[in-house]
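Only one structure is covered here, and it is reproduced in the block below.
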Amino acid sequence: MQSFSAHLTPSAPPRTGVVASPSSSSLRPPPFVVARLVPPARPFWFPPPPYPPRFLVTMADTEAPVAAPAADTKQQQQRPTKPDEDAYNKSLAAAEKAHKAAMDRLNAIKAKIDIAMPKKDAETPTQKRRKELIAQANEIRTKQAGGKNARTSKLDQIKKLDEQLRSRIQEQKNAKGKVPYKSVEDVDREIASLEKQVNSGTMRLVDEKKALADISNLRKVRKNFGQFDDAQRQIDETRAKIKEIKDSMDDPEQKAMSEKYNAIQAELDAIKAEQDEAYKSINSLRDERTKLHAEQQETWAAIRKIKDDYHTQRKAFNAYDREQKDKARERRKAEQEKYLQDRKKADAENVLAEASDPAYMEEIRRANSLLLFLDPEHKVEKGPLMAESGLTAQATRKVEDAPAGTKLLRKDEREEDLFAPIAKKGKKGKKGGAGGASAKSFNCPPSVVEDCAFMGIDPPMSQADVPEVTKKVRAKLDQWKADQETQTQKVSRPPFSTQELIANGEAEH
């Protein structure tokens, strides 16, 4: 049969057919297209309708074009990429490091400008430090002024002693310059030599007198060497006094204050030099400050861009993930609602089907099934809906009925009997063994036992109990058939449809 499909014809003229209105057909097209029910073009050998027409969707009377499936696919929202947190942290750390370096350079230039051009309303750290240093220097001067008088007197004493020391050293030097000998030992050695020559008796008288005169002079010189020792001792005592006075002047506290004062003065001089140097290059410092400020702004903008891009991408990813979860939740909810609706509909149909069935349907069905097992010749009466229509399939062969009381075997049991080995004939006197075994073996299927229990009848235990059980079953069946019509009328049929049952079930929930 020719297939029927929808064709999109944007500019084709409308063909002859019936235009479907929104209320005239259950196959309602979208509001933005016009559906025309046009009979298909058929070859000459096709018979005329009534085969179902096909939909021919035309764009002749529409204003907005219908998007193609490919366009819908392109317009679908793609899954955003999850941002890499490690890469974000690395790039952010690098940007923050560059920003910190720019800020340090900018602050250094600002400090130099503040040194050269201090603000009136706010003191710079350099100005505060300079004031502190000046205050400390003044305090040291005040403390040192108290011991100035004592120091002056000591300095005068040192000056006098120093003059005495110099004069004595000069006198001793002059006296020693007149003596050709350097020490007393040299004088004693010369005296001993002259005395030895005199005592030898070999000298002339003139030479001996001269030697004795020299010995007398040398002894006088020897006495002068004792005076040199006294003068040297006085010089050493004067030096000791000078050292003692100087040591008394060398106070550790005063020395520490002097060293501190010198350090303060050196730092003040350095600040002054720095201010002078900065003031000379104030214009270049301002230009450098402008340049570094622009660089600092660029690094700060880079940090903000990295953070904004990361958080924007993360928000987009989370929003998409949240949207997909919501869609999945809605889809599961719709599927659950559809499942519950179908289940309610099936339950309602079962309720209606059970309500429309006659009474004792299950009991009669079980009784007929049990009678077919106990009495294969039992005929089941067919109702009006089960009457022969003449259109059902007819059996091609007739199956002979099994004798009454025969056990209905399952397929696997039948196959076992079919392929069981053939028993050999026994000896004489044992021919009746097979018949006796079949008579003793009577099996009752579980379904028969269940049907008997349902009807309140004891199942047959042997072949001899079959007629009695059959009689009881027939009595039950006749009773149910006789009382079926009366009991059916007592059960009121529900005066509502499947939709009403579903609506009532939803209202209860």
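Count begins at 1; order follows the chain as displayed.
Backbone N, Cα and C atoms are what each Cβ position is placed from, and that goes for glycine too.
According to TrEMBL, the region 'Disordered' annotation covers 1-31 (among others).
Under the heading compositional bias 'Low complexity', TrEMBL lists 18-27.
Among the features that TrEMBL reports, region 'Disordered' is placed at 66-90 (among others).
What TrEMBL lists as region 'Disordered' is 137-157 (among others). Among residues of the same chain six or more beyond the region 'Disordered' (137-157), those with a C-beta under 8 A of the stretch's C-beta atoms are 245, 248-249, 251, 254, 257-258, 260-261, 264-265, 268.
In the predicted structure, the coiled coil (228-288) carries a mean pLDDT of 80. For 228-288, the entry in TrEMBL reads coiled coil.
Feature annotation from TrEMBL assigns region 'Disordered' to 317-345 (among others).
Summarising the annotation, TrEMBL assigns compositional bias 'Basic and acidic residues' to 320-345.
Residues annotated as region 'Disordered' in TrEMBL: 419-443 (among others).
According to TrEMBL, the region 'Disordered' annotation covers 477-509 (among others).
Per TrEMBL, compositional bias 'Polar residues' is recorded for 485-501.
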DSSP residue counts for the region 'Disordered' (137-157), split into helix, strand and coil: 20 helix, 0 strand, 1 coil
Secondary structure composition of the region 'Disordered' (317-345) [DSSP: H/G/I, E/B, coil]: 29 helix, 0 strand, 0 coil
